[in-house]
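Q: Structure in structure tokens, see below.
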Amino acid sequence: MMVNIPVIENFLSNSCFLILFLTTVYYWLKIGFGGKSSFSFTGLTGYGSALCCLTLQLILRWVDSGHFPLSNLYESLIFLAWCLLLLYIYIEVSTKTLFLGVLTSPAILCLVAFTDFSLPTELQQSTPLVPALQSNWLVMHVTVMIASYAALLLGCFIAIAYLVLSKFFIKTTFVTAPLSSQNTVLRQESFLEEKQKTDIVFEKNDKNLKFLFFLDNLSYRTIGIGFCFLTLGILSGAIWANETWGNYWSWDPKETWAFITWLTFACYLHSRLVGGWTGSKPALVASFGFLVVWVCYLGVNLLGQGLHSYGFLNV
């Protein structure tokens, strides 16, 4: 009996979207109703199930096409979502914090929705590799580059979350009610009551500041990992370009924006390592980098120009 791979792929993609939607609702309801912000087995189960759906989808396309599924924009977006899910699962297991799921689950859900429901059907079909892509460097270069995009985007998104949350947390004021008195004698009950209120406020703000520090540090580490992958991806791409076209660098739009992306995050890391920046300043640089990564990944490819336009919109 013939296996209808497109039907199975459609089922897997729809299942992935539904699972991510339910997982997003779960995270928001858990936080909204005052649930614990610690490790969540249910949330991770949802993410793990979505990751399995994407993994099976990539394997099916690999078997059907005979090559690693990175020949067009649709397949690269699936792999990007796969990398984001894998990286997030690792972060949540390592940090044991639930609040990151509240921030990242809607972003990953939107990416999967765009991939499944916005791209034209023609672009979602498996296509043979053009001669320039028929190389062992395809897996090495493209997978590393997309993995770098995933790490950089997630790190930048956490930095943006830091900027938004800091507006609410840092501006919190410690306001306490005046102590009650009667005949200039301070009652012990009133003093204890007001002291308890003050301690609660300070404890809450101390937790908020610690969480902001956690986000700042997590963003820094995630972007650092992404920068290493980006550097490796650019170097492997240069070697592949020399083997294919006879020169290491041709300054086509994709290469130019990859270099701009590298410079942006090199400045970010330099400001932190050498300049000692922390908090809002590097988060602003990362926010700019968030846009740069999307231009490098999607914007240039949508133009359909340059040596890197293979397999994207010119199908």
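For all residues, glycine too, the Cβ spot is worked out from N, Cα and C.
These figures come from a predicted structure and were not determined experimentally.
Straight from Swiss-Prot, here's the annotation block:
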- 15-35: transmembrane segment (TRANSMEM)
- 39-59: transmembrane segment (TRANSMEM)
- 73-93: transmembrane segment (TRANSMEM)
- 97-117: transmembrane segment (TRANSMEM)
- 144-164: transmembrane segment (TRANSMEM)
- 222-242: transmembrane segment (TRANSMEM)
- 257-277: transmembrane segment (TRANSMEM)
- 283-303: transmembrane segment (TRANSMEM)
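In the displayed structure, how are the listed features positioned relative to their neighbours?
A: Among residues of the same chain six or more beyond the transmembrane segment (39-59), those with a C-beta under 8 A of the stretch's C-beta atoms are 9, 12-13, 15-16, 19-20, 22-23, 26-27, 30, 69, 75, 78-79, 81-82, 85-86, 88-89, 92-93, 96-98, 101, 105, 112.
Sequence-distant contacts of the transmembrane segment (222-242) (same chain, at least 6 residues past either end, Cβ-Cβ under 8 Å): 87, 91, 135, 137, 140-141, 144-145, 147-156, 158-159, 248-250, 255, 258-259, 261-262, 265-266, 268-269, 286, 289, 307.
Distant neighbours of the transmembrane segment (283-303): 73, 80, 149, 152-153, 155-157, 159-160, 162-163, 216, 219, 223, 253-254, 257-258, 260-261, 264-265, 267-268, 271, 309, 312-313; these residues of the same chain sit at least 6 beyond its ends, with a Cβ under 8 Å from one of its Cβ atoms.
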